[in-house]
Amino acid sequence: MSTKVKKCREPARVTLPAPEEEDGEAEGAEPQRRRRGWRGVNGGLEPPCPRAPPSPGPDASSEGSPSRWRTAGMRDKGRRQAVRGPAFMFGARGPSLTAEEERFLDAAEYGNIPVVRKMLEESRTLNVNCVDYMGQNALQLAVGNEHLEVTELLLKKENLARIGDALLLAISKGYVRIVEAILGHPGFAASRRLTLSPCEQELRDDDFYAYDEDGTRFSPDITPIILAAHCHKYEVVHLLLLKGARIERPHDYFCRCADCAEKQRLDAFSHSRSRINAYKGLASPAYLSLSSEDPVLTALELSNELAKLANIEKEFKNDYRKLSMQCKDFVVGVLDLCRDSEEVEAILNGDLESVEPLERHGHKASLSRVKLAIKYEVKKFVAHPNCQQQLLTIWYENLSGLREQTIAIKCLVVLVVALGLPFLAIGYWIAPCSRLGKILRSPFMKFVAHAASFIIFLGLLVFNASDRFEGITTLPNITVIDYPKQIFRVKTTQFTWTEMLIMVWVLGMMWSECKELWLEGPREYIVQLWNVLDFGMLSIFIAAFTARFLAFLQATKAQQYVDSHVQESDLSEVTLPPEVQYFTYARDKWLPSDPQIISEGLYAIAVVLSFSRIAYILPANESFGPLQISLGRTVKDIFKFMVLFIMVFLAFMIGMFILYSYYLGAKVNPAFTTVEESFKTLFWSIFGLSEVTSVVLKYDHKFIENIGYVLYGIYNVTMVVVLLNMLIAMINSSYQEIEDDSDVEWKFARSKLWLSYFDDGKTLPPPFSLVPSPKSFVYFIMRITNFSKCRRRRLQKDLELGMGNSKSRLNLFTQSNSRVFESHSFNSILNQPTRYQQIMKRLIKRYVLKAQVDKENDEVNEGELKEIKQDISSLRYELLEDKSQATEELAILIHKLSEKLNPSALRCE
């Protein structure tokens, strides 16, 4: 086979049957035409081997000239080999192209501006919408190779199709100038041209987008602005936003509207993919930066929405999590670009000027964005140095100099506050607006006061049990009374002074929790697990004291009966009614449901929960904070593990009980003979405290005994070797995750603790918070007054807006809002932007510039080299065209000159 035939097949990159030998000896004329013009022969494809060209004569066209062959050979070795070469997977349905169309597509692909211009101007039979076997027309080929001049020439044709496809291609490659040229086409003047997806426009429109049944380069639901957002093309997104393009946020996942139901019914997968594509566009930093008036708030809310979708749509969990993290990184990136405290405060507080004065009155630093970031667990944003520095400044507010003091000085301050807490509370009640009041209202002092109050509460709990540290003097079967007619239960149910103080503290803490529940709302209150722990602890305390009080009331009634009906001095000689006699019994004869017994059990649980609440203040310390976080994560792992543990435990507990339930009294020990004994044996065997003889029978029933040995052995292997080691591995993994990012985790937990003391209120800790201060009454009256004033102002404004002389102002405001909707760009969001909007505009400019610089630094040189090659290719064709024109002009001049010099010779001829 000849070399030329191999060269002919090589660009097509398909495997073809070997042609006849005489075909291989042919030399290729018009190689480009043969390379493109494939025809079906006998149901197959005709191999792209050129037939022997006709011998060039004096009248041969330029297409058959050797220079034409060389040009075609160079193109065969060019950068787009086999682009239009067919392959069997595309079938034989591709349209046949004429020589003119072949030449036109070649010129558009390689940037031959003179040829394209000439054919568009002179040719009458040229089909500008002709496509190659891949379905690409001349406009797409020109756009794909970044030939701006060719694109502009093609866009001047009135009947040009698939302009939308070319726009998507230009956006994907980042050709901004070509995008501008295409957007200037009259076809984009139609309403909603940029907002509808190609699939929707194909159903209601012409061939602005042309999608075949085999699919194309882009998904049918991709709009130009979605694609630009996916590719992070800031300039393109800006252009499209100016044209009115927007990304519509998908409906809620559980939406049951007619549109969503129809899409879900037709193709659930396509519906899900279209939602992901839309969210990818919405979560793009380019779209967030340029489309939103408040990008930080938009990104925070979108990150939370995407995190929820990750838990709902499990099949696309990783995609949604990645997008959620992308939104969080955007917020952190904007915060990182702050250069002064004003910019940091703007991001952390949000637009305070848009908040009502009544809501803004409380504290100058609302920290609304920080609260939102904590709620949505944007940990890197909260732990960022810029945010932490601002929070630390607020933490030591009104305490100048304490921030720079040593730990010893701070500990001394804590001790002084703890010892002088009652006096500080009295001083605050008397003069809440004095210097002392301002100091006590600082977040640090509020934290110290509450911590000191809680430590005093724990001290009371310990002191209440101190009389029993070395044991009790009265045995459970002995009753001790103060005087002969006294009922024993009256003595045991009386409240001591320490218990009364504990009750006062509990009431104070419950009052604080109720106020917090009222201010935050039930939903926000329950989300914080510490609130659930506090409420549960206090509820158990109240239940314990209530049961104790009921027992005291019953004993008091019995004592009243004795005092009024019994005349004897010794109750042991008197027959009392059963309901009264019961209260004279010793502890060993009390019923299990006795209120005092229930009270003591609940009180013990509440004490345990009270001491566990110390972990709430541990994040304030850098050493103990990460440990507390690891402990919390470990508890979560244990709860997850308990599901599998309980399943295995119940299986073996019931199985062993069924096996040995018939052998009660016939075993070495009572293990597994009852459900209770089965539970005890299996539970303590986890810690190695159960004996192997638990399965041994006194009878010679070896089969049952052997089954017991096997089941007991399998249980120990499963629980001890497998499940417990799995739990240890889970705990180790969780601890390692915290340790790897301990600084961020600790700062996030510390910020949550700090933030609970930043808001106004909670100045005095329990139980001092039970007594309302004069300031509370003043603030209550001020709030009522401000509320009535604001309501009067709103009514007055409504009346003014309803009058005819204010219609012009209303129209101006409406026009301003419409301009805001049409251009979310760098220019001006409002005619008179607020200070917050000015700062956000400045930060977004920095972010966009930084993103563009980073992209330029990350770009590979291959793209630049390709662009240079394409420019050189276009320049080559222009130079060749200029050379051809110069040659023709020179030939004409020579001919005219020869006519003048040799007129006689020409006449003779």
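Start at 1 and count along the chain as shown; that gives each residue its number.
Each Cβ is built from the backbone N, Cα and C atoms, and glycine gets one as well.
For 1-92, the entry in Swiss-Prot reads region 'Disordered'.
Annotated compositional bias 'Low complexity' per Swiss-Prot: 58-67, in sequence order.
Around GLU146 (Ca(2+) 1 binding site), a 10 Å sphere centred on its CB holds 20 further CB atoms from the protein chains shown. As annotated by Swiss-Prot, Ca(2+) 1 binding site applies to GLU146, ASP871, with the evidence given as similarity to another entry.
Among the features that Swiss-Prot reports, repeat 'ANK 4' is placed at 220-249.
The transmembrane segment annotation in Swiss-Prot covers 448-465 (among others). Within its own chain, the transmembrane segment (448-465) has Cβ neighbours under 8 Å at 413-414, 417-418, 421, 424, 440, 496, 498-499, 501-502, 505, 509, 607, 610-611, 613-614, 617, 757, 762-768, counting only residues six or more beyond its boundaries.
Annotation comment: Swiss-Prot describes 466-496 (among others) as topological domain 'Extracellular'. When the topological domain 'Extracellular' (466-496) is classified with DSSP, helix, strand and coil residues number 9 helix, 0 strand, 22 coil.
As annotated by Swiss-Prot, N-linked glycosylation site applies to ASN477.
Taken from Swiss-Prot, the feature transmembrane segment applies to 497-515 (among others), supported by similarity to another entry.
Sequence-distant contacts of the transmembrane segment (529-550) (same chain, at least 6 residues past either end, Cβ-Cβ under 8 Å): 493, 495, 499, 502-503, 506, 509-510, 513, 516-517, 595-596, 598-600, 602-603, 605-606, 609-610, 612-613, 616. As annotated by Swiss-Prot, transmembrane segment applies to 529-550 (among others).
Marked as topological domain 'Extracellular' by Swiss-Prot on the basis of similarity to another entry: 551-594 (among others). Long-range Cβ contacts of the topological domain 'Extracellular' (551-594) within its own chain (Cβ-Cβ under 8 Å, at least 6 residues beyond either end) map to 476-479, 484-490, 492-495.
Per Swiss-Prot, transmembrane segment is recorded for 595-618 (among others). Panel annotation: around the transmembrane segment (595-618), residues 447, 451, 454, 457-458, 461, 489, 492-493, 530, 533-534, 536-537, 540-541, 543-548, 550-551, 554, 624-625, 627-628, 631-632, 753 of the same chain, lying at least six beyond its termini, place a Cβ under 8 Å from a Cβ of the stretch.
Per Swiss-Prot, the feature transmembrane segment maps to 638-661 (among others). Here the transmembrane segment (638-661) has long-range neighbours at 667, 671-675, 678-679, 681-683, 695, 704, 707-708, 711-712, 714-715, 718-719, 723, 726-727, 730-731, meaning same-chain residues at least 6 beyond its ends whose C-beta is under 8 angstroms from one of its own.
Annotated topological domain 'Extracellular' per Swiss-Prot: 662-701 (among others), in sequence order, evidence recorded as similarity to another entry. Residues 649, 652-654, 656, 708-709, 712, 715-716, 719-720, 724 of the same chain, all 6+ positions outside the topological domain 'Extracellular' (662-701), place their C-beta atoms under 8 angstroms from a C-beta of that stretch.
Sequence annotations record features per position, and here Swiss-Prot assigns transmembrane segment to 702-727 (among others) based on similarity to another entry.
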Cα of ASN477 (N-linked glycosylation site) to Cα of GLU146 (Ca(2+) 1 binding site), in Å and rounded, measures 99
Residues in the repeat 'ANK 4' (220-249) per DSSP class, helix first, strand next, coil last, are 16 helix, 0 strand, 14 coil
Using a 10 Å radius on the Cβ of ASN477 (N-linked glycosylation site), the other Cβ atoms enclosed count 10
Beyond a gap of at least 6 residues from its ends, the CB atoms lying under 8 Å from the topological domain 'Extracellular' (466-496) belong to 503, 548, 551-552, 554-556, 558-559, 562-563, 566, 569-571, 580, 583-588, 596
Residues in the topological domain 'Extracellular' (551-594) per DSSP class, helix first, strand next, coil last, are 28 helix, 0 strand, 16 coil
